[in-house]
Amino acid sequence: MRKSIATVSVSGTLPEKLEAVAAAGFDAVEVFENDLIACPLPPEEIRRRAADLGLGIDLYQPLRDFEAVPGDVLRGNLRRAEHTLELMTRLGADTLLVCSNVSPDALPDDALAAEQLHLLAERAAGHGIRIAYEALAWGRHVNEYLHAWRIVRMAGHQGLGVCLDSFHILSRGSDPIGIEAIPGEKVFFLQLADAPRLAMDVLQWSRHYRCFPGQGGFDVTGLVRHVLATGYAGPLSLEVFNDVFRQSDARRTALDAMRSLIALEEALLPSGAPPVVPSGFAFAELATGGSAELPALLSALGFARTGTHRTKPVELWEQGGARVLLNANPATEGTATPEETEPGLVAIGLETPDPAASVKRAETLLAPVLPRERAPRDAPLDAIAAPDGTALFFCRTGHADHPDWTADFPRESPVPDGDVTGIDHVALTQPWQHFDEASLFYRSVLGLRPQESMEVADPYGLLRSRALAGGGTRLVVNIARVVGAHQAPRQHVAFAVRDLRALARRLRAEHPGLLLPIPANYHDHLEARYATDPEIRELGLLYDRDERGEFLHLYTVTAGQVFFELVQRIGGYGGYGAANAAVRLAVQHAERS
Ligand SMILES: O=C(O)c1ccc(O)c(O)c1
Ligand SMILES: [Mg+2]
C-alpha cells in the first residue's frame, strides 16, 4: 500500500522533513499548513523538491472552521478556501482536508454543513481538487466519524468524501465497525496514529501524545481492517503530533514511522510471517572497563570462569544456565561508545529457533544489521543494533546445525551448579527521546509483548519503564529524566535464583557490602502491607506480589554503568518488582554520593 506521512510528524524545516521522509522510503506526504507558511520557498519549489525526492504530495491540511456557519462568516471562509485551493494548485496537491468546525460560530445544522461543503467541493472541483471532511474528536458539533459521513452523504457531491483518522475515532471510544457502512470510494483519506491510554482532555491528548501505530494502546490494525473492507485503496498516512518527535532527529523518527507501517502492513496480511520470538538469553556481554569489579561480583555470586576466548580478551563466566561474557577490550571490536570505557553491558545474545529468519525479519523492519566482521566472536553470529546501541546477537546454542559460539571459548572448568539458574531479564536505559521507538523495535523486530509503561520516582527525577516479554525473553526498557550529575546506573542483568533466601544468607555472611542496603522504613512498610516474615527484613530482601504469585529480589552494588539483580519468582508472578524500583534508585544515589 502507498505509505504517506504528515509533515507535522517529524522535526525540522519543511525541506528537512521532506528529505528525512524520503530517506525512510515513504511514497508521499501530507503537507501541514504551518510547515508551508513558515517556509521561505515558493510552493512550486516545494513541489519540485518533493518530486525530486520521489515524494508525492497526497494531501494539504487543514482548512479549519469552514462549514455550518452564518452567511457573513461563509463569505470570509470562501475567500480563505479560494486562497488555499490556488496554493494547492501551485503545490500540486489534489486533496484538501477540511476538519470539522470547532469555532463558536458553528451552528448545529447538518443540512447547512452539507450545503456549504457542497459549495466548497464545487469550487474545489474547478481546480481539480477533492475535499476530505474529517471529524475532529473535539469538533463543536461534529466529532464522530459517522456524523461526518452523514453530512458528506447529504451533500451528495462527487468531489466530497470523508477523511478517517484513527486517533479521533479510537480516542472517543467509537466502534470502528461502523466504517464498513461507508462506501470505499467515499473514504478519500486515511490518517493513522496510535496513543497511550491517558485520561485527559482529548485535544491535549491529540496534540501532544499521539505516537506511531504499535507504540500506544489503540487497536490501529483492527481499524485499518475495517477501512480496507470498504474497498479503500488510498494511502496509509501517519499523522502524529508528538512533543518528543518534534525535538528528535527527523531521519530517525521517519525510520521509526516507516517501521511502524511495515509492521502494521504485515499484521494485516493473513500470510504474514509471524515474528521469530527469542526463547531466552544465550548470554549477556559486559565490558569490564579494565577493572576487576565485575569478575569479583560474579565469583561472589557463584559464577566461575569456564573458558577464555582463543584470541580475544573475552572470558566466559557461567553458573547454571546463566552465561556472561566479560570483554576487556570491546572498543577494538568496533562497537565503541563512551560507556565502554567503564564497566557496562555491550551485547545480548538471544536464543532463537531460527537465527537466519530473525535477522531477515530485523532487516525487513529496518533494524541496523551489524556487519559480520564486527562480530566480537569467531562463530558467525548475526547481530543487529538495538535502539540504545546494544548489540543483539541471534544464537542457537547447543544445536549442531548452527554455529557454536561456545566453541570459541575452550573449556577450562565445569559449569558450577549454584543458586543462579539463568538470566531472568535484562534492563536497558534509552535516551529519553527513544522510548516509543524502543518499544516498537522490540515489539516488532523481536515479537515481544509490551506491558503498560510505568513511572517510578527517582530522588532527582522520574524513571519511565516498560517491560516487554515473550517466549522466555524478558527485557525492560527505561528512560530516566533526571538532573545532570544524578544519573542512575544505565543497565542491569537480573539472574534467576532457585533459593534467594539461601543465596542472600551466604552473600551477607561472606561478602558484606556486596548487596545494596535496604532502608528499615521499607521493611516497616512491607510488613504493614503484606505481613511478610521477619527473615525478609533480616536478609534485606525486597518483596512484591501479584494475583499469581510472589517475587523476592535484591540488588548488588554497581560497577560502572551496570549492576546485577537476583530474583526469585514464586508461583506465576509476572512482574519486575516495579513497586520497589524507587527504593533501589534512592539507595543507589546514596551509595554514589
Ligand atoms: O489538531 C488539529 O487541529 C488537527 C488538524 C488536522 C488533523 O487532521 C487532525 O487530526 C488534527
Ligand atoms: Mg487527522
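Glycine residues also receive a Cβ, built from the backbone N, Cα and C atoms like all the rest.
Copied over from TrEMBL:
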BINDING   E134, D165, Q191, E239  divalent metal cation binding site
DOMAIN    280-397  domain 'VOC'
DOMAIN    422-544  domain 'VOC'
BINDING   H425, H492, E565  Mg(2+) binding site
### Query
Cα of E239 (divalent metal cation binding site) to Cα of H425 (Mg(2+) binding site): how many Å, rounded?
35
### Query
What binding-site residues in Q191, H425, H492 place CB under 6 Å from ligand 2?
Q191
### Cα separation, H492 (Mg(2+) binding site) to Q191 (divalent metal cation binding site) (Å, whole number)
39
### Cβ neighbours of Q191 (divalent metal cation binding site) where a neighbour is any other Cβ within 10 Å
25
### Query
Taking Cα atoms as reference points, which of the binding-site residues H425, H492, E565 is nearest to E134 (divalent metal cation binding site)?
H425
### Task
Provide the three-state DSSP residue tally for the domain 'VOC' (422-544): helix first, then strand, then coil.
44 helix, 47 strand, 32 coil
### Query
For divalent metal cation, what surrounds E134, D165, Q191, E239 with a Cβ no more than 8 Å from their Cβ centroid?
A6, L97, C163, L164, S166, F167, H168, F189, L190, L192, A193, S237
### Message
Using other CB atoms within 10 angstroms as the count, which residue among the binding-site residues E239, E565 scores least?
### Response
E565
